[in-house]
Every structure is written in C-alpha cells, then in structure tokens.
Amino acid sequence: MIVEVARVLASSKNAIAFTGAGISAESGVPTFRGKDGLWNKYRPEELATPEAFARNPKLVWEFYKWRINKILKAKPNPAHYALVELEDMGILRAVITQNVDDLHREAGTRNLIELHGNIFRVKCTKCNFKEYLKESQRLEEVLKEDLPKCPRCGSLLRPDVVWFGEPLPREELDRAFKLAEKADAVLVVGTSGLVYPAAYIPYIVKESGGTVIEVNVEESAITPIADFFLRGRAGEVLPRVVHEVRRLLQ
C-alpha cells in the first residue's frame, strides 16, 4: 500500500497535510491527557479555558510553563522531516496542524497553518500586542515571571493558543478550508478527527474529489472516509512513503 500511496503523492500537484497530537507524541510531547502525575488531578477544562484564566491566571500560567519546558526538550522526529521533504519536492502545498508545539516550524515547514495557535506565542488580554517568544529572545524572562505582563500596556499576557470554548482563528481556518477545497490529496497524520471545525478538512478534500490518506497507530473518526489507511507510527511510515515517492520521481 505504501507504493500506491506514493504513486498518488508523486502525481499530486496540490497535496496538503493535516496533523494532530499523534505526530508530536513520537517526539515526546505530552498529550493533554497524558499520564504525567503533576497535572493529572486537573481536568483540561479546569486549566485551558478563558474562565480558568480569569479565575486563577497563576495556576494556568504554571501549567503552560510546565508544558513549554516539556516541549523545549522535544525535537522534530522523522515524520516532521518527511513532510518538509514533500514540501521541498513541490508536492505538499501546506501543513495544517492542530498542534501548538512549533515542531513543524522547527523542522523547516514553510507554509504552516496553526489552527490552535502556538504555545511559544503570547498575546495581551487587553491590547492587540502579540509576540513570538523564540524570536524576541524573551522566553526565559516570561518563564521566570509569575504572571507575565504586556510590555506595551502592562495588562496580563496569555498563551496565544485556542482554549476550550474559544473559536478558532478565522483567518487560519479560512486559509485551511480554501486549501482543502483545492487539494487533490490530504495526508491525515496522528489525529483523532474528533475536534471540530478542524476535523472537517479531510471531508472537504474528499467532497472536492481528492484522495484521503490516513497515517495513524489506530483507526480514527476519519478512517471510514480514508482511501488509504497506513497503520503505524508516523515517524516510521512517512519516511518510507517519501523514499518511494523519490524513487518514482527519479
């Protein structure tokens, strides 16, 4: 089946990738409901909502600092790099991700749409200030503060991620949907397909006549519409697919 998938991609002009937590789990990024005891006693709804932040911003920031420190130790894995290779070959138009861990960017993905934000970006709760902490060199400073403040207006900063009950960023979602409408193939990697509206993406590709290729360790909500289901870890499966694509294009 790897050969058949490679054939689809090799002849594709407008493929996209749609990625979820599974691709990052292989890099050691803890999933939200991971087994780390420290935050297990809290439900995600108690930490990742606007209400939780209004009630106890210090606790929410402690949780996000813990996550940031965990993610800083993670490195992109072969699956991230395989997607970069497909982009370099001119096959992949964009990577649309539900992940906030910045690993696609670190791997070298150029056209990246982050539907759920980025944990290394902060935004002000009052004014329109935003900052990508890896670029501004202020990451260490922010991690040391109990309650990071906006350098422009002094109000509280918050992580620039989408919390439960918040809408997805309109611009990113529109871009993602437009790409999906034009896509002739979508690589669905490591997502449960349960979080909407992001999970509409494979369905849009399917309805527009494109091929749905799923790479996952287990079947998901997307599997019933997948034309190809490659069972396995993305870090093992995707490099094999890319190798085959290269062979076909030689």
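Heads up, the Cβ atoms here are built off N, Cα and C, so glycines get one too.
According to Swiss-Prot, the features are:
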- His116: active site, proton acceptor (ACT_SITE)
- 20-39, 98-101, 190-192, 216-218, Ala234: NAD(+) binding site (BINDING)
- Tyr64, Arg67: substrate binding site (BINDING)
- Cys124, Cys127, Cys150, Cys153: Zn(2+) binding site (BINDING)
- 1-250: domain 'Deacetylase sirtuin-type' (DOMAIN)
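Candidate binding-site residues: Gly20, Gly28, Gly190. Fewest other C-beta atoms within 10 angstroms, Gly28. Of the recorded residues, Cys153 (Zn(2+) binding site) and His116 (active site, proton acceptor) place their C-alpha atoms 25 Å from one another. The binding-site residues recorded for this entry are Ser24, Arg67, Gln98, Gly190, and the Cα of Arg67 lies nearest to that of Cys124 (Zn(2+) binding site). If you compare Cα positions, Ser24 (NAD(+) binding site) sits closest to His116 out of the recorded positions His116, Cys127, Cys150.
Nearest by CA distance to Gln98 (NAD(+) binding site), out of the recorded positions Arg67, His116, Cys150, is His116. Same-chain residues that are not part of Cys124, Cys127, Cys150, Cys153 yet have a Cβ within 8 Å of the Cβ center of the Zn(2+) site turn out to be Thr125, Lys126, Asn128, Phe129, Pro151, Arg152, Gly154, Ser155, Leu157.
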